[in-house]
Every structure is written in structure tokens, then in C-alpha cells.
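As recorded in TrEMBL:
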- 89-122: region 'Disordered' (REGION)
- 98-119: compositional bias 'Gly residues' (COMPBIAS)
- 135-168: region 'Disordered' (REGION)
- 139-160: compositional bias 'Pro residues' (COMPBIAS)
- 799-818: transmembrane segment (TRANSMEM)
- 876-896: transmembrane segment (TRANSMEM)
- 902-920: transmembrane segment (TRANSMEM)
- 927-948: transmembrane segment (TRANSMEM)
- 968-988: transmembrane segment (TRANSMEM)
- 1000-1023: transmembrane segment (TRANSMEM)
- 1060-1079: transmembrane segment (TRANSMEM)
- 1127-1146: region 'Disordered' (REGION)
- 1135-1146: compositional bias 'Polar residues' (COMPBIAS)
Amino acid sequence: MRLSRRSLTVAATAVVLLAIGALVADGVDGALGISTAPASAPVEHPAVAPAHSMVAPPRWVAVSVPADKRVTLAADAVAAALAGRGLLRPTVQPAGSGSAGSGSAGTGPAGSGSVGSGSTGTAPAGATLRVVLVASLPGSPPPGPPPTGSPLPGSPPTGSPSPGAALPASDEAFRIRSDGRGGGLVLEASSVAGAASGLYTVADRIRSGESVLPAGDDGRVVVPRLGLRMTDLGSVGLDPDPARFAAGTDYNLNTDVVSSAILPRAPWVDQHAVAAISAQYRQFVDHALVEGYNALTLPGFLEYVTFAGTGVYPAGDPHVARARAMVAAFGPVWRYAHDMGMKVYVKTDMLALSPPLKAYLTATAGMDLTSPKLWSVYQDGIRELYAAMPFLDGIMLRVGEGGSDYRLAGWDYYSEIDVTTVPAVQAMLRAFLRVADQTGIDVIFRTWSVSLGDVGDMHTDPDTFAKVLDGIDDEHLIVSTKYVAGDYYSYLPLNPTLTVGRQRRIIEFQARREFEGFGSLPNDLGDLEQQALRTLLAANPNIIGVWVWTQDGGPLLAGPRTLYLRAGFWQLWDLDVYLTSRLARDPDTDTGQATGDWIRQTLSTDPGTVDALSRAFALSRQAVTDGLYIGPFASRSVKALGLRPPPMMWIFEWDIVTGDTATLDSIYAVSRDQVDQAIAQGDRAVATARQMQALIDGTGAATWATPALRQSMMDTAAYQVNLFQTLGAYRTMVLRHARWLDSGSAADQRAWLAARAAYQKAREEHLRRYAGDVDLPAYNFAAADLGLARDDRDQTMAWLARVLLALLLAALAAGGLASRAAGRAGTGATRGRWSTWPGMAALRALWIGATQPWRVAGIESPSVSPARSWSRLDRVLVWLIPAAVLAGSRAIYAWFAAPAHLILVLGGWLLFALALRLLIGRADPFRLWAAVGGAAMLRTVILLVALVSRGPGRYWYLFWTAPTSRSVYITVAFAAFGWVFVVAFLALHDGYGLVRRRAMGRVVAATGVVLAVLGGLVAAIGLERALTIWNDQLALLPWGLARILGITVYLGIPASIPDYVSVAGAVLVAAGLALGWQGRRRAAGRDRRQGPPANRSALGCRPGRARCRALRCNSVLRRPRRSAVHWDGRPGVSPRTTTSAAEAWR
């Protein structure tokens, strides 16, 4: 059978639309890019050291030290340690000052977490610890070449030499030997740093109940394995007000420590607040020194810089006066760490900006991040900062994170994630390193990134790392990297980039694990960090130090109100601060013994209690990794949306239990074959937590250092049990729900409903006990509640979709039968007369619009009588039915819970339809509604078919986890969506007689209206806010995305997209109107007669309008060619006749 030209055109159009749909589906597959691979994370084997009694401390009456305040401070730590063990506090005296006194107080810290009341004891006369500075130790050969770069405390030696061997090239080297006078010891070092390091080691051994001079150590030179042991700034400057922590939902990431001292006008700085910050700072520095650290980082840069002489700030700009006030107020404060022997580095994100600075950079360098002009401004800034604070040892730069979430409220200093290309990063580093070469400071470059831009994976990809840093081997450059290939989660492999590169390297660790309860859970990281250090040090000889975060990381006001050294149960993660320092000095440290040492220093000296707590801490990692992770998912490396989601995606992030379909469905898909094991893992976590609780609760109250510490530990253990019970119930529920979506079986549905009831009970109990508790806060279940509310509606939505689909198909079938019946009946015949009932014309018209839109010109009124036209009911139904179907289907699709989605989708359809209506002028819109409405119904059929199984939940489950189903659906759905525009064109071309160019122009203009209006609406709201509202209502992506960096930032979506869409829409409107403009024509004459209704209706004519040019149409009705195939199945007008009439009108 020979196909008509029209049939071939329609078929070709459909093929093209399907091909485009397939390309779109392929693009979606590529964007999602979901793939998994096994992850090779370290396997932890926590050890418990055998219980033993504490070794009796030495009974020194004096500590004799050189006249240096750093050494004196360290000697005070020794005196405090002895006092903490119940002995008389020895006198700290300058060397050569004579006999010891009777226990005068030192001037330094009172110890760190020392146990005991400081009661006095007796000491043999003359027993002292003498500190002696020597040029070198006996027999030491000349040291080898010094390490490259500016001097750092220590170098990476391969181990500690035996007694009498050479003193390594480290200013922290020391040795301890007996003085042969009955209990006295001599500590020898070649530098003040070595003397202080030795004294802090002695103090640590005393507090731990270990021998000050272990067997075999008499005269052995001790050299720290890593010479740079750096911390953050702890909780210095943070406000401990419980009211600020009460909500528990402040996820701002700002870490400025000077906020309490800032005034909005001159004198700019509150001196009382400065004094409070100074006291906290000194406390922190003293404690860090006691624990073995020798460097720290200070947040800040621009607030101390005036950019004098550059023109950044005009005369009288308050930024200048404020920066000078900041330097005057805080310069002396920050100098204290330097005076005590610590290195001090400022840290900042790049690009660091203020409004005047950005304006200046735009004017002078066009914000070109590779321009020397731009970076010369920052060079001037760092030179000025170093001149104002010459005690600074360098600057730490981060380019991979930043933005508005890090901005301090009320300040106009901020950062932007702009340095995202290899040339930009290299230009920045070279600019700062030129200043470093001139001043002798160091530049520490952090490779951390949230996966934005070309350098987004330099943190984990050795190839990208090489592209960025190969060839930048400056002696003043230090590269700092997190120890795992990702953020501070468990289940991650060690970072491969730490094994490459020629630059000096720092390994970053976090003690207060932000993603594992904000430090509110016992979490002994000793074995994990030891494996990391041993492996990475063996692979890279350029590693020179560690950087431990004692408070930093994540929002500082979310989670528990625990401020390091100042508020809450901060001791819980002080264990990891202590262990990191011990391991940095000696990676072969017995971690079980070190944990026991910390327990004796901090919690209890009772052997039984120490043993019980040691065993509890040894179980902590199993509890945390089971309770906070879904093992089958966490143990695999997953890639999606071009990113690598963290292994704890179901809690994203921090304490936000997610409820989005993308995460939970993907977790189930990865874990499909191990769902029962994943659920059992949650049960195992609860059992482990209860075991820990029993060990802690079984300790005697009198054996603890203080009753408060025991109560805090018991409360923490109870909190952990309850938390893991609640999370375990949620884990079970979401996995059971996903399994039901997958299988559809009644048994799986019953299992899900039972798990749902158990979860709701556990959640209510968790919130009852911990909601509002600032010390042990409840987890945030807001996102989980959103997801659960939608899960509960899946079955209802499925039934509504079935009903609506049945009604829709019934309406289309009725229209088709009516059309067929009318065609068989013949004019005026009784058979098929029901097809002319009111409303049937609308159904017949919609059937033609949905199935044969090229026949839209033949849609005629129910009667050929000049006295009748379409009924009022037909005219209403022809647009009301498609509108109702569109609204109902999209509401079902959105669980009746996403008005933002309905506004966008239904608003788009409405704007498109109204624009087309306006563009046909005074012509009757019946055929337009029939054509576009029929096409919309066809597109809705496809959507409803996807919803009838198990509602929107099943729809999104297949979208996220079934590539084949997703591709088929997107291909067909997109083709059907594109078909709407084709049908609109056909309606204008065939139904209203417009030439192709003009019909195309009107469709383009109507499309432009949609884009311009909706794009402008989103732009007015703001893309980030609009996406947040939309996602909160649909629960498709993690709720926490918008609370962290923002959806646009995290997914790399340009915030200017709505502006471009709106502009593009305006251009389309203009182009469409120009293309489809129809100028005034000279009428062939005026005809005020109505004429035959059928012809005038077919051509869109109305009484009183200019007479159409097809004058012969009147004779056509009088002589219909009944042998022709009729447009709508009724005799009266043949295709050829109508076509010729339309052509004549055009």
C-alpha cells in the first residue's frame, strides 16, 4: 500500500522526536553516571593494653631549666603532672640558682586533664630533673643537608638512633639519662625546642603512670618522627551560650574567632572581648603544647589588611580603620603562640573578597584569575600582613570550598569558589610563593575540594594533582591533604595523592569527627590513624607533619554544645587529639597503651576502670561504623552526577537523616543483594553500644577522677544506644520500602509497614529524650519526615493514577467511538445520533487532536445547520478535560505535596496555551484547544502509565536505579512532549490556515513566553532558593544540600541560568512574532452574510468578518464528494475541498 505524503511526514516527525528523546536520555544517563566499585578501606583492629598499676612518679623537689619562658612553661607542665599524681609540686627554677624550695607554684598551666587533687607528698632531698642545653650529643657526626624549605621543627628521620648515636637534624631531639644521684635525671637537648619537647614527654609519662625513663631509654636520643604537628584554634572565640545551640539547625560554616570582639563602628574592636579571647587562646596554646603540638592555624586574612598604596580602599573607607584596629588588638594576642615556640599560620579561602576589593579587581584585572595584575593585589596584602605581624610563619590557602555559608554575619568579607582551573591555581601559588621567597614564610596549599571545576578532584586523583602541582617545587610550598580519599568518613581508602608529588606534605586528621556525631560518641581513631601514618610515610618521604582539627569541621553551632577545653564533654574527642600527637611523634606507638595512658590522665587511675574503659573504647569503632553506615553501600566507591557521594549518604550531612529518593533508592540498589545483612548491621550496632554501656556503667563511681566525668560518660553511652536504635529502625524502614517498590509483593509491603511503625515509635522516643538537649541533641529527622510523608502516599497515588488513567482512556475511547459512529451513520441517520449529544463533539475533537492532529481542520460543529455551532458544554469540555487531566496527573506525580512543582509545570502549560490563544486573534479557539489538549492528554497517558504501578515512589525508584527503564521512558516522554509543539503547529497551519512560516512563528513565540515568564520568576526568587523550595517539596535530592553549600554550588549549576532562560525566551518571542507577523490585507470585499457555518467554522471565520477568498466554497457544500475520505468521518467536506478552501484563504 502506498503511503500518503502526509503519513510519511508524520512518521518522519515521530522518528525525529524519538531520536531527540533518545539523545536526551543518553545525556541524562551520562549526567547521572551512576557506577560503583569496591573500596579498599583500612581494616581496623583496635587493641586493648593489659591492665596494670601505675608506676610511682619520681619525687623531684625541683626542675632546673635554662632561663627561657618556653622551657619554663614546659617545666611547669612537669610540676603540674607531679602535683596531679598527689606529690608535692616541685619548684621550677633557673639552672644554677641553688637548692630547691618547698613546692612553690609554677607560672604555667595546671596540667591537662590531670587526675588528682594536688595533695602534697614527700621527696628525697636533692632529687631533681635538670635540663641542659648542649651543642650536640657525644659522638654525633655533622648533621646531613638540612631539609628544603624554611626551617620547620624536625625532619622526617627514619627512626630514633640508639644511645650515643648522632643527633638527627631536628631541633626537637633530646635524650634523658640518669644523673646517678638517686632519682635525679638529666634531660639534654641542643635547642630550646628540644628541651621543651623532652619536658612535655616527661610530663606525659608522669600523667600516664609510666616510667619517666623506660628500660633501654637511658641516654637514647628521641626524635619526633614528624616535626610539624599542627592544630586548629580549638574553640577559641566561640560563644558557649546554650541558646545559640538550642535549635540545633544552624549549619553555617563560618569559623571566625573574633566575631564577639567586632564593633560596627570606631573603635571597631571591643577590648573586653579581646581580653576574653586572649585568655581562651593562651589556655588552648598551653594545652596544645602539653599534648605535643608545635604549630597552629588562625582563621583570617583580609580583616587585617588595608591594601595601602594600591587604591583598593579609597580614603576614608572604614575597611582601613577597622583593619588597623584589628592588627593593634589581635596582633599581640596571636603572638603568644609564637613566643611559646609554636609556628603560627593564617588561613583563608581563595578568592577572599570584600565589595571594594572585588570592584577593584574587576576594574584592574577583569577578575581574570590567571592575571598577574589580580594576584599582585594579594601579594601586596600578604606583604602588609607579614610586616604588621612578623611572627607569622606563613599562610594556608584553600580554593575548593567557600562561599556565603562561610560568611560572618554583619561582615562584608567573604569568599567565592572562583579559583577552579589549573592555570588559575598555578598563577595563585606562584604569586604567593614569590612573596614567600622574599619574606621566608611558607605557603600551605590545601588540596581539599568539593569537586568543583577542573581542579575539583585534585584532592583524590593523582593525575589531577600532578596537573596542578607538577613543576611547582618551591622550597616554601607545603601541600596539605586529608588522609582519606574524601572527607572525614569511615569506609574510605587512604588518599592516593599523599603518595605522589615532590612537595613537602602534611596529613590532615579530624578529632571531633563532624560526620560521626560531632564528637558526641566514643570514637577511638588510634588504630585507623596509625595505619594511615605507617602506610603513607612508607610511600612518601616528603611527609613532614600532621594537622589535627580539634574543633573545626562542619557547622560549629549544630550538634552538641561541646567546645574544646571549655564546655560540654569535650574530653571524649580529646582522646583523638592526644593519640594523633603520640602517633605523629612515633607511628609505632602501641595505640592500646596510648589509649590507656589517656584514660589514666583524664578519667580514672583505677586499673579496673581503666581496663573497662579501654575495652569500651576498643569497641567504639565497630559501634560507629555499624550504627552510622549502611555497610553494603559504604564499602563501595560510588560515583553519581559527576561526584563521589560519601559513604554515609543516608545521613547527609552531619546529623541530617535524609529522606530523598535519589539517595535511599541508590543505597538500596547497591545493597539489593545484601539488604538483610544491612539491616542486621544496625542491630549489631545496638548490641555493641549496649556492651559498651554495660562496661561503662559497671565502673565504680569512686574510681573516677570526678563524678561529673562518669555521669557524662554514662549519659553518652545511653545516648549512643538510643541513637543507634532509632537509626537502625529508620534503616530497616527505608530498605524495606525500597524492596517493596522493587518487588511489589504483598509480603514486602507488610514488612515495610511493620518497620514503619517501629521507626515511628523509636523516633518519638528519641525526640522525647533528646529534643532540646544541647549536650546530647536529637538527630535532625526533618528530611526523613518529608520522605516518609511521601512514601505513605505512594499506594494512594498509584490508585489515583489508575483511576485517572482509566477515565482518560475512557474519554479518548468515547471520542473515538463517537467519531466512528458518526462516520457510519450518515447525515441525519438515526444510528449514531448519540454521537451528537452535548459534550460528544468535545470528546471527538480531543480524540482527533490526540491521535490524528493533521485532521484538525476537519473538526466541525455537531451540525451542518447554519443555526447551530458547538454547544457551550463542548466549548468548556474541550479545554477543561485536558486542564483537569494535566492538573490531576501532575498533582499525583508530586504526591499532592509540591505546589512549587505544580506552579512551574502547570504554569508552563497555561502560558503556552494562552499565548497561542492570543496569537490566533478573534478566530474560534475550539480547534486549538482540541489539538493542544489532545496532545497534552497523550503525554499524560505516558506519565500515568509510569505512575500506576506503585505511585511516584516507584517512578523515581526506576529513574534513579534502572537505566534501561529510565532511557525508554525519557525517550518516549520527551518525544510526546515535543509532539505538543508539532501539534500546535499543525493546528495553526491546517486548522487556521496559516502558512508554515507564520504558524511556526506563533509556536516559537508562545514557547518564548513560557521561558521568559518562568525564567523571570525563578530569577526573581533566586535559583538556589527556588531549587531549595522545589526539592524540599519533592524530596528528590538530599535535603541537606541546600543547608550546606547549596544545590547550585554542589551540583555546579550556574546561578545565572534563569536569567539566560528569560532572555532566551524574550528573544524567541521577538523572533516568533517577526516570523509569524501577518500584516493587514486588503479584503476581497465585505460579506456580512453568515454563509454556510461548516465552511466558515472550518476556516476560522466569524459573521461580520471579511469574506474569505474561497468564494467557491458555497458550491462545495451543495455538491459534496461523498466518495472522498472525510476529515472527521462525516460527509460534507472532503479533504481536497477543505484543503483548497484553506489554501484560498491563505
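Just so it is clear, glycine is given a Cβ too, placed from its N, Cα and C backbone atoms.
With pairs at least 6 apart in sequence, the transmembrane segment (1060-1079) and the transmembrane segment (927-948) have fewer than 3 Cβ pairs within the 8 Å limit; the two do not touch. Comparing 876-896, 968-988, 1000-1023 for CB pairs under 8 angstroms to the transmembrane segment (902-920), the maximum falls on 1000-1023. Of the candidate ranges 799-818, 968-988, 1060-1079, 1060-1079 contributes the most Cβ pairs within a distance under 8 Å of the transmembrane segment (1000-1023). Sequence-distant contacts of the transmembrane segment (876-896) (same chain, at least 6 residues past either end, Cβ-Cβ under 8 Å): 789-790, 793-794, 797, 800-801, 804, 808, 811, 839, 842-843, 845-846, 870, 902, 905-906, 909, 913, 926, 929-930, 932-934, 936-937, 940, 943-944, 947, 951-952, 955, 1033-1034.
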